[in-house]
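Features reported for this protein in Swiss-Prot:
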ACT_SITE  C90  active site, acyl-thioester intermediate
ACT_SITE  H357  active site, proton acceptor
ACT_SITE  C387  active site, proton acceptor
Amino acid sequence: MREAFICDGIRTPIGRYGGALSGVRADDLAAIPLRELLVRNPRLDAECIDDVILGCANQAGEDNRNVARMATLLAGLPQSVSGTTINRLCGSGLDALGFAARAIKAGDGDLLIAGGVESMSRAPFVMGKATSAFSRQAEMFDTTIGWRFVNPLMAQQFGTDSMPETAENVAELLKISREDQDSFALRSQQRTAKAQSSGILAEEIVPVVLKNKKGVVTEIQHDEHLRPETTLEQLRGLKAPFRANGVITAGNASGVNDGAAALIIASEQMAAAQGLTPRARIVAMATAGVEPRLMGLGPVPATRRVLERAGLSIHDMDVIELNEAFAAQALGVLRELGLPDDAPHVNPNGGAIALGHPLGMSGARLALAASHELHRRNGRYALCTMCIGVGQGIAMILERV
């Protein structure tokens, strides 16, 4: 069987909501790592790229009408290189890698770029058309995150719990305490801060160069969402606004962020022809559905499914990158999979609670981080897994090359 390999990857820093990257359109943001991949790999013939596949969860504003194609052109790739945008909400970036890997395994391509982008700062307000003449029922939605234009049957049959409310549901179901969640969040901040100060995160990042109207140039080099001075006392003091006697706070949840990532996926033969060095083999990927109100547990069945496909167990994984949408759901996943809350090989360099969660980009970031960490640890297998809004999970296994 033909195999698909991650040969290189890069990402932008992750910006805070309204922060350093908020002035950058999503298509321009996605073009940055695409362009950098060509710079980093001068022997790569861009004419040989079969497709560019990017995940993006919003697509309601400047990221509309196939942002992958827009970014491909803006990055200076040949017009002959096609691009497509996929949407599996939070799992979009990881799903993009899966699409690329399947294309190679099926013989439908040899060289692809896959990744994701999200500019949550620039997500627009949207309003639907009137359903009748002179209607006064117009409703406006903030597209940054959450439900919009809800189907009444969906609301009736499955509810429309917000993302924090789904985390509350998981915490209540599995009896995950506020104390355990805050401790998990603190570890995320501490591990991320250590990874940033040691230069580990910098290995993944291409700086973003910005110029203001006065011509002043600023270079954004580092992720800006993390709070390295966070203490347990500070986390304990935050209010839980989503439910009476709730446990979900701004401190034990991921952020609303901006960022983009791109990875080169190639067959073994094409990698050799293009002077690329395979770093990780994409072994298998799986998705699974769960009850929408418990969407945070989606990684559990997805992980079990991908492990079965690969003929492996959770204990074969040397690195696990689990997206931290909320501490409650991350802990729920760990406990359901039989892993300790503070497993050192799970998010060893922190996670989304500290780094942030630009929806369409996050899955690609997980795969990039996992491929780097496998080489640092001389490990063999890595698992990347995420929960997905409306009740899904996605999981991918990588093998170090």
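Glycine is no exception: its Cβ is also placed from the backbone N, Cα and C atoms.
As the structure is a computational prediction, the values presented were derived from the model and not from experiment.
Every protein chain shown contributes to the tally, and the Cβ of the residue listed as 'active site, acyl-thioester intermediate' ends up with 33 other Cβ atoms within 10 Å.
For the active-site residues given as H357, C387, the lowest number of other CB atoms within 10 Å of the residue's CB is seen at H357. In the three-state DSSP assignment, the secondary structure recorded for C387 (active site, proton acceptor) is strand. According to its DSSP assignment, H357 (active site, proton acceptor) is coil. The two recorded residues, H357 (active site, proton acceptor) and the residue listed as 'active site, acyl-thioester intermediate', show a Cα separation of 8 Å.
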